Amino acid sequence: MAETDGSIPLIPVRMLNEHVYCPRLAYLMWVQGEFSHNEFTVDGVIRHRRVDAGGGVLPSETQEDSRIHARSVSLSSERLGITAKIDLVEGEGAYVSPVDYKRGKRPHVAGGAYEPERVQLCAQGLLLREHGFASDGGALYFVASRERVPVAFDDELIGRTLAAIDEMGRTALSGTMPPPLEDSPKCPRCSLVGICLPDEVRFLSHLSVEPRPIIPADGRGLPLYVQSPKAYVRKDGDCLVIEEERVRVAEARLGETSQVALFGNATLTTAALHECLRREIPVTWLSYGGWFMGHTVSTGHRNVETRTYQYQRSFDPETCLNLARRWIVAKIANCRTLLRRNWRGEGDEAKAPPGLLMSLQDDMRHAMRAPSLEVLLGIEGASAGRYFQHFSRMLRGGDGEGMGFDFTTRNRRPPKDPVNALLSFAYAMLTREWTVALAAVGLDPYRGFYHQPRFGRPALALDMMEPFRPLIADSTVLMAINNGEIRTGDFVRSAGGCNLTDSARKRFIAGFERRMEQEVTHPIFKYTISYRRLLEVQARLLTRYLSGEIPAYPNFVTR
């Protein structure tokens, strides 16, 4: 590669390894700032602790009889355009060899090791040469098998290494992510498979057969909800401790916490907030009644490229209308399915009226043909009116009165009856979930396509949650009422509004979390996935659509 012109930073040598292994993986990690641990990467971090603790320095002047044994040596070269932290440099005088540690066992292949590892080691040797040392070879040390494999820096390997540097630099400058590997055995073991979505992207681009079920299990912990106004949350080692009036009432391990949600006047100490930011655990702030007020994250996702695509496409009226149509069609379809599945009645009224289902089907057709966002908004409103007019028929007792619940129409700000109070709270929680999911993949939750940007309103979160309102929020309300978890005595009425009591809110949150953890079969990809993981997958698919990698955004519609 020619000498860098300042348009891209120096390429980390470890990224050359990823590029030779999979160009898309290197692009995701280096250009877009994506990363996710799995058992293999965590094990690698543990096994690297000794060499990473070095901070070694090479002698500025070499002597013939001087021995060199330095760990964790950092070197860079503007001419080569690369930088590296070498695990170990050993040698004597001007003749040195880099040693790179690998977590696994030695592979019995030609050359003693796979090409990505040999290229990475050779790049380290080239850096040593740039700094005045002679380096004709190095070694790979495989920790699991405790074997050392020598690697000679011959002309062929040097040529391949220089070509890899040039290829990666050009790829980074292109601004186009390389396509996913095709049906590769590398994908299932990759820690970024749930971010890359190789099979899903190829399937949606009509390039391959149905995706393999390679979505990793949820391993990011669970949300921590703190709703007591007297709660005081502090850090104690690797835990968040919740106290009330200096009495320890609960604790949560930071490593098992995916996000923190604070209601009302609950207090989070500065030290605890700093630790959440360091670990990239988002903190959301809600009013006492559950209204979403704000979101605290660390420095934010480094994927500027994704947000650039988002902002560019959000100013395109055709893109906005196309996405909005599909969101509303999916929402109406899921509302229709919820009515059909949960309708309660006897005799001739045991099933949802065909006329109602047909009207909702017509609403879907009209929404797909809406000529403008304003017309689409009217169609959505009319369809929502039909849906909520019959919402009580899904409540136990037919009209909801058997459980003491009466619902006739949707109202809010403030909700005036128990069912509306539950719906508003569920929608606020779903908004928070989508805000967290969108920020986690590099999108701006506040720049929408259907919902217009307004101060403090997470417009894109509101866009994306439309198809999930009936599937997650409304379903949680139905289950809470029909299963007897929430009763009419669990509400406080004041100032013309209706709100949940503290104990009832805690039970409802538990029900919402159960729904988020429930697994469902994806109608397009055919694998099972939890609703929580599904939100992230859908958010990542939106980024793939906005970048032009897939032709259309695939909404989630149940049958």
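Each residue, glycine too, has its Cβ placed from N, Cα and C.
Features reported for this protein in Swiss-Prot:
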REGION    1-198  region 'CRISPR-associated exonuclease Cas4'
BINDING   Cys22, Cys187, Cys190, Cys196  [4Fe-4S] cluster binding site
BINDING   Asp87, Asp100  Mn(2+) 1 binding site
REGION    224-559  region 'CRISPR-associated endonuclease Cas1'
BINDING   Glu380, His451, Glu466  Mn(2+) 2 binding site
Nearest of the binding-site residues (Cys22, Cys187, Glu380) to Asp100 (Mn(2+) 1 binding site) - Cα to Cα:
Cys22
Just the number: how many Å between the Cα atoms of Glu380 (Mn(2+) 2 binding site) and Cys196 ([4Fe-4S] cluster binding site)?
33
Taking only the binding-site residues Asp87, His451, Glu466, which one has a CA atom nearest to the CA atom of Cys196 ([4Fe-4S] cluster binding site)?
Glu466
For the Mn(2+) 2 site given as Glu380, His451, Glu466, which other residues of the same chain have their Cβ within 8 Å of the site's Cβ centre?
Ala324, Trp327, Ile328, Lys331, Leu377, Tyr450, Leu462, Asp463
Taking the Cβ of Cys22 ([4Fe-4S] cluster binding site) as reference, which residues of that chain separated by at least 6 in sequence fall under 8 Å from it?
Leu181, Ser184, Lys186, Cys190
Within 8 Å of the Cβ centroid of the [4Fe-4S] cluster site residues Cys22, Cys187, Cys190, Cys196, which other residues of the same chain have their Cβ?
Arg24, Leu25, Pro180, Leu181, Ser184, Lys186, Leu192, Val193, Pro198
Give the distance between the Cα atoms of Cys187 ([4Fe-4S] cluster binding site) and His451 (Mn(2+) 2 binding site), rounded to the nearest whole Å.
36
Other CB atoms, at most 10 A from the CB of Glu380 (Mn(2+) 2 binding site):
21
What Cα-Cα separation, expressed in whole Å, is found between Glu466 (Mn(2+) 2 binding site) and Asp87 (Mn(2+) 1 binding site)?
50
